[in-house]
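Reviewing the structure listed below.
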Protein chains: 4
Amino acid sequence: MKRLAVFTSGGDAPGMNACIRAVVRGAVYHGVEVFGIRRGYNGMINGDIFQMTSHSVSNIVQRGGTILKSARSKEFMTPEGRQKAHDQLIKHGIEGLVAIGGNGTFTGALKFFEEYQIPTVGAPGTIDNDLYGTDYTIGFDTAVNTALEAIDKIRDTADSHDRIFFIEVMGRDSGYIAIQSGIAGGAEMVMVPEVLTPISEVVETLKQGWSRSKSSSIIIVAEGDEEGNAAEVAEKIRTQVGVDVDMRVTTLGHIQRGGIPTAYDRILASRLGLGALEGLLNGEKNVMAGVVNNELRYTPFIDTIKLPKPINEDLLRMVRILSV
Amino acid sequence: MKRLAVFTSGGDAPGMNACIRAVVRGAVYHGVEVFGIRRGYNGMINGDIFQMTSHSVSNIVQRGGTILKSARSKEFMTPEGRQKAHDQLIKHGIEGLVAIGGNGTFTGALKFFEEYQIPTVGAPGTIDNDLYGTDYTIGFDTAVNTALEAIDKIRDTADSHDRIFFIEVMGRDSGYIAIQSGIAGGAEMVMVPEVLTPISEVVETLKQGWSRSKSSSIIIVAEGDEEGNAAEVAEKIRTQVGVDVDMRVTTLGHIQRGGIPTAYDRILASRLGLGALEGLLNGEKNVMAGVVNNELRYTPFIDTIKLPKPINEDLLRMVRILSV
Amino acid sequence: MKRLAVFTSGGDAPGMNACIRAVVRGAVYHGVEVFGIRRGYNGMINGDIFQMTSHSVSNIVQRGGTILKSARSKEFMTPEGRQKAHDQLIKHGIEGLVAIGGNGTFTGALKFFEEYQIPTVGAPGTIDNDLYGTDYTIGFDTAVNTALEAIDKIRDTADSHDRIFFIEVMGRDSGYIAIQSGIAGGAEMVMVPEVLTPISEVVETLKQGWSRSKSSSIIIVAEGDEEGNAAEVAEKIRTQVGVDVDMRVTTLGHIQRGGIPTAYDRILASRLGLGALEGLLNGEKNVMAGVVNNELRYTPFIDTIKLPKPINEDLLRMVRILSV
Amino acid sequence: MKRLAVFTSGGDAPGMNACIRAVVRGAVYHGVEVFGIRRGYNGMINGDIFQMTSHSVSNIVQRGGTILKSARSKEFMTPEGRQKAHDQLIKHGIEGLVAIGGNGTFTGALKFFEEYQIPTVGAPGTIDNDLYGTDYTIGFDTAVNTALEAIDKIRDTADSHDRIFFIEVMGRDSGYIAIQSGIAGGAEMVMVPEVLTPISEVVETLKQGWSRSKSSSIIIVAEGDEEGNAAEVAEKIRTQVGVDVDMRVTTLGHIQRGGIPTAYDRILASRLGLGALEGLLNGEKNVMAGVVNNELRYTPFIDTIKLPKPINEDLLRMVRILSV
């Protein structure tokens with residue numbers, strides 16, 4: 001392979017720039033030409049493609065977001081879109097792709113390969129950590145720390161006013177951010193999509209806390225919890241508690257996507273970017289580079305897409321023990 | 001005066017602990033006994049009062065929230081409540097008060113003085129910076145920096161996705177947080193309660209940006225803006241813009257109240273705490289200690305309560321110029 | 001004036017980019033052409049000059065350092081150097097300058113004006129806050145907060161180990177960073193160049209602390225203190241104390257110059273950049289824009305260079321009171 | 001076992017408080033009495049021992065340092081010291097210990113067991129990550145992020161002035177902090193005790209950078225590198241480079257030990273604290289709880305003390321590739 005391209009796709013995640021940098025510098029190191037594609041599959045279709053050098057990625061390792069920009073592409077879901085994308089790659093002489101994104105991105109890459117045999121190796125870039133085939137995804141550690149900083153701040157107010165706070169964190173299908181930020185933030189309870197926590201159990205925990213004169217409580221709710229979002233959960237609890245308690249709801253929202261990446265995310269992103277690149281150069285295709293038990297591993301897209309990533313039940317047990 | 005007490009009241013603000021510390025250490029320095037009252041006027045009524053020493057305030061200068069806890073007290077608004085509070089102060093031999101809070105707190109203190117002649121000197125503790133008689137209030141600088149960090153993070157995503165973000169910051173009656181975080185965050189527009197910004201003007205600004213191929217925009221909305229909160233403003237704009245643009249709304253919420261206080265807030269809080277204490281010892285009463293043009297000044301509660309604090313129009317002009 | 005240029009000179013300071021942005025956007029707003037000069041007077045001499053647009057300063061308000069780079073220029077101190085610089089300005093049609101820097105920069109500008117009548121308006125960019133004519137300089141608030149974060153971290157260790165820490169902060173001739181970070185960090189003592197603190201007084205304070213069973217202490221030393229730097233001060237004290245105490249010295253060093261600027265610095269920098277630009281357009285020359293008591297003010301370079309900036313003695317008094 | 005005690009020993013590390021909290025809450029959960037010992041083995045000798053409840057560890061998960069304080073004890077190295085310590089434990093009815101610290105701590109525990117059969121389970125608390133038997137130690141992730149923030153700040157200045165910076169990070173025998181912060185910070189080179197990097201190689205790398213017109217460079221030096229500390233390395237290089245380059249040295253120092261622990265450290269510390277406690281309750285003794293490949297594992301003290309922890313050579317390779 002003499003020429004390849006890298007792009008980011010789907011929601012942005014802190015560390016994507018460190019990953020791009022590793023792909024580009026790795027390509028330079030291995031003597032391969034490398035191009036950048038802007039705005040994911042949209043840019044591939046529109047030919048927003050440009051050559052990158054070592055210098056193109058100077059001083060970006062510490063930046064949030066993605067210098068290649070990102071987008072979701074409806075057009076790439078159509079045969080016509082993919083045809084145009086392929087024409088552009090041919091025009092630029094690009095023989096392989098490194099795709100930084102999540103399952104939507106990988107699904108597109110798989111379809112594209114079936115039709116045009118352009119090999120793609122993926123790197124998992126998503127704050128939700130919901131991808132099978134890697135212990136952690138790029139951006140997850142930063143998102144957890146961002147949520148944690150917010151929880152620390154809110155605890156100041158919760159303690160000062162003897163309040164119960166319901167804090168909603170990201171995670172439509174995955175409770176990873178909720179559990180990790182909840183343990184680290186000393187939350188009294190964590191509600192996640194993977195495990196049903198009945199409202200009655202939350203009420204019970206709160207009442208036990210009051211009986212030990214715990215004056216403030218923090219409950220973390222993943223946005224995709226079965227009992228509803230944080231506001232809905234709080235409302236259900238208010239009804240059941242009976243007595244008048246001071247309850248507040250806050251939704252952390254988009255701040256969880258951005259920010260300066262942590263050391264962990266920059267190193268993981270560098271490792272996965274380099275791993276994806278070297279995999280592609282070694283003939284890997286339609287696989288995602290991941291780190292499992294501290295080792296680089298390639299997992300077929302078909303598995304990352306189909307297989308669920310189980311939540312660590314030990315961590316849920318820890319939440320319960322640590323809030324006694 | 002041989003014995004006085006300090007308390008925090010109303011919403012908590014970062015720097016309140018630094019202020020408490022200055023009151024306590026100042027009292028020790030001047031050889032006066034000092035007591036702490038927990039949970040504001042509620043604690044005064046319930047006798048939640050305890051003696052403090054230099055050691056009581058060790059290692060708190062850097063903490064958010066308030067170690068004395070805070071609350072709003074309905075009971076203190078009744079003559080019976082104030083009677084009980086007075087009884088408690090008499091019981092503890094307390095001759096004067098330092099109250100850290102906002103106008104609600106000062107209104108109570110004024111009423112209390114009329115009935116029982118207990119002198120109070122206030123220190124302005126509120127993140128909103130909406131108090132006449134001081135250039136800045138305790139907690140404001142930290143709140144602005146917290147909002148700013150959030151804006152910086154969101155800009156990463158806005159840029160990566162070519163999006164328009166509406167970010168709601170605190171300020172029911174005051175646009176201070178909005179303006180300062182907006183200028184510092186490089187926002188395209190800032191909407192505040194004090195000045196009417198018609199929706200048509202926002203639409204115009206956005207369109208001008210697009211004509212210069214500005215791909216992302218950030219608009220800061222103070223929660224008390226006349227056009228509504230951020231979600232309402234966004235909806236109005238979506239209707240008027242016509243074309244399909246990617247718009248997102250996020251509300252920063254309670255994170256703005258907490259957190260480690262900035263250097264500015266710790267120094268201001270120390271200065272105002274010491275100023276309030278020394279004012280009280282020098283016979284001041286029913287005044288708030290403030291810093292105006294770098295000088296300590298005492299303003300009657302009656303003025304801090306009645307007089308409006310004008311917004312700095314120069315800063316609004318700066319927003320317009322800097323977003324060209 | 002139809003065309004002007006902006007440059008940064010001397011040590012870099014957080015907020016310089018926000019200041020550059022304000023100059024450039026202000027020029028665009030007022031319909032004047034604006035150029036950037038790289039590496040201060042060196043770039044002026046070498047013709048490293050380029051036109052800037054509103055877009056040139058996008059997304060830099062939050063960045064530390066200076067996109068125009070900075071340098072100290074020996075060549076500009078020679079008549080030949082200034083001749084070359086003037087030739088370059090003429091060649092580019094530049095009629096006026098905005099210089100962001102300190103007294104070295106302003107001294108050069110004054111000399112340059114005497115010889116070639118090119119007017120300069122300055123903006124005070126230096127972390128030391130040692131410039132007469134403005135309450136605060138660009139970068140000072142960030143430097144204080146950076147020092148403060150370090151002090152907060154070190155206090156964790158000091159408390160955990162019952163240690164005395166001597167922390168050296170920047171300030172060769174000025175104790176501003178030392179005093180502000182010392183008050184905010186809850187230091188037991190602050191040693192500054194402006195005021196002589198004899199070693200015997202430090203020893204006395206430490207002994208008083210021990211008698212009140214204060215187990216850890218933090219002493220802030222400005223690098224330019226008359227008793228020496230932190231290591232020298234610590235050594236002198238070790239000799240006098242007699243008993244065996246666990247003392248450590250740490251020098252914060254260059255981290256104080258960099259970093260994401262605080263809200264305060266970004267706003268001040270924006271205000272001073274715009275103020276410098278509008279001053280230049282209004283015919284000001286050889287003056288520095290400053291903010292004194294919240295108002296924009298122009299001070300002749302001759303005064304900023306010659307007049308000393310007094311330290312606030314009230315703040316030194318506060319250190320003593322707050323460490324009782 | 002009905003009653004146990006927990007203590008911290010050796011240098012403090014961020015996350016120690018989260019670990020203490022997990023031990024205490026875990027004990028409460030399992031219905032075992034738990035005591036705290038202040039100042040490590042010194043407190044054990046002096047009887048500075050007190051009962052802890054769930055409430056004793058409220059609101060400490062986010063704090064740096066250790067609420068139990070730490071110390072190195074010479075007296076515990078003597079038979080008399082250990083005799084006194086044992087007497088105190090007997091007096092308090094303490095049957096087992098959880099020791100949070102490093103190899104010095106574990107060596108003492110082993111000796112203590114030989115003489116008095118008091119079982120200890122350890123948790124690895126040290127920022128250096130130099131303990132065999134766990135992938136990461138408590139405090140390491142925070143220390144790396146602290147070093148990284150400093151590197152990010154210094155890069156601002158390095159870039160603004162086209163300078164070479166030598167940054168010394170902690171690690172007398174271990175290059176972990178250096179390598180991880182170096183990769184994450186985009187350093188051009190990392191010098192560690194485990195691998196010899198000849199000065200000539202550094203000079204070569206710098207020259208290659210200049211030939212690609214890289215204007216600034218950052219070189220991370222672990223304090224225990226064979227070529228000397230950062231100042232010594234810089235001096236050697238200055239001699240060999242020949243031309244006049246602007247080089248600066250900065251030593252990060254004690255800030256690396258303190259600070260608010262990251263999410264990673266709080267979770268790891270909680271997991272290891274709970275793991276150590278439950279190990280002790282299940283009859284483990286003279287082992288350290290560690291997390292290896294995401295699983296809890298107990299390693300005999302004898303191994304953590306004797307076996308070296310190899311550096312990850314893949315990461316060193318990454319530094320070279322990423323700085324092309």
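Backbone N, Cα and C atoms are what each Cβ position is placed from, and that goes for glycine too.
Keep in mind that what you see is a predicted model, and the values were worked out from it rather than measured.
As recorded in TrEMBL:
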DOMAIN    B:3-278  domain 'Phosphofructokinase'
BINDING   B:GLY11, B:ARG72, B:SER73, B:GLY102, B:ASN103, B:GLY104, B:THR105  ATP binding site
BINDING   B:ARG21, B:ALA22, B:VAL23, B:VAL24, B:ARG25, B:ARG155, B:GLY186, B:ALA187, B:GLU188, B:ARG212, B:LYS214, B:SER215, B:SER216  ADP binding site
BINDING   B:ASN103  Mg(2+) binding site
BINDING   B:THR126, B:ILE127, B:ASP128, B:ARG163, B:MET170, B:GLY171, B:ARG172, B:GLU223, B:ARG248, B:HIS254, B:ILE255, B:GLN256, B:ARG257  substrate binding site
ACT_SITE  B:ASP128  active site, proton acceptor
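Here the binding-site residues are B:ARG21, B:ARG72, B:ASP128, B:GLY186, and the ones sitting under 8 angstroms from chain C, going by CB atoms, are B:ARG21, B:GLY186. Neighbouring residues of the recorded ATP site, listed in sequence order and excluding B:GLY11, B:ARG72, B:SER73, B:GLY102, B:ASN103, B:GLY104, B:THR105, comprise B:SER9, B:GLY10, B:GLY40, B:GLY101, B:GLY108 (Cβ within 8 Å of the Cβ centroid). Residues from the set of binding-site residues B:ARG21, B:VAL23, B:GLY186, B:GLU188, B:ARG248, B:ARG257 situated with their C-beta under 8 Å of a chain A C-beta: B:ARG248, B:ARG257. Across the structure, B:ARG248 (substrate binding site) and B:SER216 (ADP binding site) are spaced 11 Å apart at their Cα atoms.
DSSP assigns B:GLY102 (ATP binding site) to coil, not to a helix or a strand. Spacing of B:ARG72 (ATP binding site) relative to B:THR126 (substrate binding site) is 14 Å (Cα to Cα, whole number).
The average pLDDT computed over the domain 'Phosphofructokinase' (B:3-278) stands at 95. In three-state terms derived from DSSP, B:ASP128 (substrate binding site) belongs to neither a helical nor a strand segment and is classed as coil. Farthest C-alpha pair in the ADP-binding residues B:ARG21, B:ALA22, B:VAL23, B:VAL24, B:ARG25, B:ARG155, B:GLY186, B:ALA187, B:GLU188, B:ARG212, B:LYS214, B:SER215, B:SER216: 57 Å apart.
Listed in sequence order, the residues of the same chain lying 6 or more apart from B:SER73 (ATP binding site) and placing their CB within less than 8 Å of its CB are B:SER9, B:GLY40, B:TYR41, B:ASN42, B:ILE45, B:GLY81, B:GLY108. When each of the binding-site residues B:THR105, B:THR126 is scored by how many other Cβ atoms sit within 10 Å of its Cβ, B:THR126 comes out lowest. There are 25 other Cβ atoms within 10 Å of the Cβ belonging to B:GLY186 (ADP binding site). A gap of 27 Å separates the Cα atoms of B:LYS214 (ADP binding site) and B:MET170 (substrate binding site). Taking Cβ-Cβ distances under 8 Å and a sequence separation of 6 or more, the neighbours of B:ARG257 (substrate binding site) in its chain are B:GLY11, B:ASP12, B:ALA13, B:PRO14, B:ILE127, B:GLY139, B:ALA143, B:MET170. Within 10 Å of the C-beta of B:GLY11 (ATP binding site) we count 22 further C-beta atoms, all protein chains included. In sequence order, B:THR205, B:LEU206, B:GLY209, B:LYS214, B:SER217, B:ILE218, B:ILE219, B:SER323 are the residues near B:GLU188 (ADP binding site), counting only same-chain partners six or more apart with C-beta under 8 A. Fewest Cβ neighbours within 10 Å among the binding-site residues B:ARG21, B:ARG248: that distinction goes to B:ARG248.
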